[in-house]
Amino acid sequence: MIFNPHNLGVHKVLKHVPLNAVFDAPYKRALKKAVNIADLRLIAKSRAHKMVFDYLDAGSDDEISLRRGKDAYTELEMHYKILAGIKPPLDLSTKIFGMDVNLPFFGCPTAGNRMFHWEGETAAARAAETHGTLYGLSSLATTGITEIGELHNGPKVFQLYVWKDRELVKDVIAKAKEGGFGALALTVDFTWYGNRERDIRNDFSIPPKYSIPQIIEAVRKPAWTYDFLSHDPYTYACINTEVPADSLAAFVNSQIAPEFNWSDAEWLLGEWNGPAAPKGVVRPEDAKKAIEIGFSSIWVSNHGARQLETSPATIDVLPSIREAVGPDVEIIMDGGVQRGTDIAKAIALGADSVGVGKPYLWGLAAGGYDGVNKAYDILKVELDRAMGLLGTPTVEDLKREGPSLIKRRHGSSRDYPDRYAFDRGYGGGVV
């Protein structure tokens, strides 16, 4: 095991020295001034250890898919209706996995949230509860199923990887059912681990390896560092609280099953016996096959462009998948979303709901619950505005009229960002 100060009980001492508020004060002020998701990204970048921020921010290989995932939305124009005769408040409510929610978007299940802020998954669950929307919990979460179930009484989806150990799978999904999770998402695009070169360059590990560069960076980021040193060490609480976070790579490598196939998926559906979606679909024929073997929903995703480089932008493949499965099959989509207008475009082109990853995780890294809540607030206001200007007062109206409202255009030199745009968050994608 990698040596770390928790072995010496440093956190048991520092938790009685409440300096978190002091270190976090400038970031709280910045959060109040944040205007958009790109602002949250910059705050997260300034607060978090570089190793941690890059883990969150990066894609695979040359990050081509990461950039394309965001750029794809700029190629879609919104051809709005005029004099639609609507007035606020608009109705943003819908159903996800058959469960009523107040918003047509939600935070995707993502691993190891306590890495970004000590509140971790509890902050994300509380923010989802505040906004009355779905919460997604990763099977590699650093907060347990029971604790999340107590924090979030609304609709919840549990994410599962393609594990080898069927007894482990049965145990985990049984806990999810007991914890009030009404739907299951099987991640099907993680049979190999993506090549995330920022992690390699940063010598990424959980916890840090305490090399000279890592220590220097920790000193430069006192708010994140004090968070880490003054709280209990991470464990992967949904699987086994005895599995320390620094064993993640070894555990994943030992449990991920590249040989997992459609027959295995059928077995899993029989064990779960409830609403479920394969998460990671980009091909129409795979979507049709998934419905044929018993999945109730389709989750269009490319794992936030963190797996196979040059995988397609999900917004680009969404219409073909909608055409393949027909109008009645639920489709969830994530990928590249950083604006409420992006959410509106996805719904208009065939998604029933939209998952976001990086936007809420940037908020989490920037300020815990307050940051996640800010991300939801920003996206909600932007979506409401987009729907109002489009002339679609409800989510159902947006879905019904969407194909006539969104048109693809050819790119031009005017679409390219200025030299400072990347630092403002241009080009980010979704986990």
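Every residue gets a Cβ built from N, Cα and C, even glycine.
Annotated features, as they stand in TrEMBL:
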{"type": "DOMAIN", "residues": "29-408", "note": "domain 'FMN hydroxy acid dehydrogenase'"}
{"type": "BINDING", "residues": "Tyr55, Tyr161, Arg196, His303, Arg306", "note": "glyoxylate binding site"}
{"type": "BINDING", "residues": "Pro109, Thr110, Ala111, Ser138, Gln159, Thr187, Lys279, Ser301", "note": "FMN binding site"}
{"type": "ACT_SITE", "residues": "His303", "note": "active site, proton acceptor"}
Ser301 (FMN binding site) versus binding-site residues Tyr55, Tyr161, Arg196 - nearest by Cα: Tyr161
Cβ atoms near Tyr161 (glyoxylate binding site) (within 10 Å, other residues, all chains): 22
Mean of the pLDDT scores, which run from 0 to 100, over the domain 'FMN hydroxy acid dehydrogenase' (29-408): 94
Binding-site residues: Arg196, Lys279, His303, Arg306 - member with fewest neighbouring CB atoms within 10 Å: Arg196
Candidates Tyr55, Tyr161, Arg196, Arg306 (binding-site residues) - the one closest to Lys279 (FMN binding site) by CA: Tyr161
Tyr55 (glyoxylate binding site) to Thr187 (FMN binding site) - Cα separation in whole Å: 19
Nonlocal neighbours by CB distance (under 8 Å) for Pro109 (FMN binding site), same chain, sequence gap 6 or more: Gly136, Leu137, Ser138, Ser139, Ala141, Val157, Phe158, Gln159, Ala185
Shortest C-alpha distance to Tyr161 (glyoxylate binding site) - which of the binding-site residues Thr110, Ala111, Thr187: Thr187
Rounded Cα separation (Å) that holds between Ala111 (FMN binding site) and His303 (glyoxylate binding site): 12
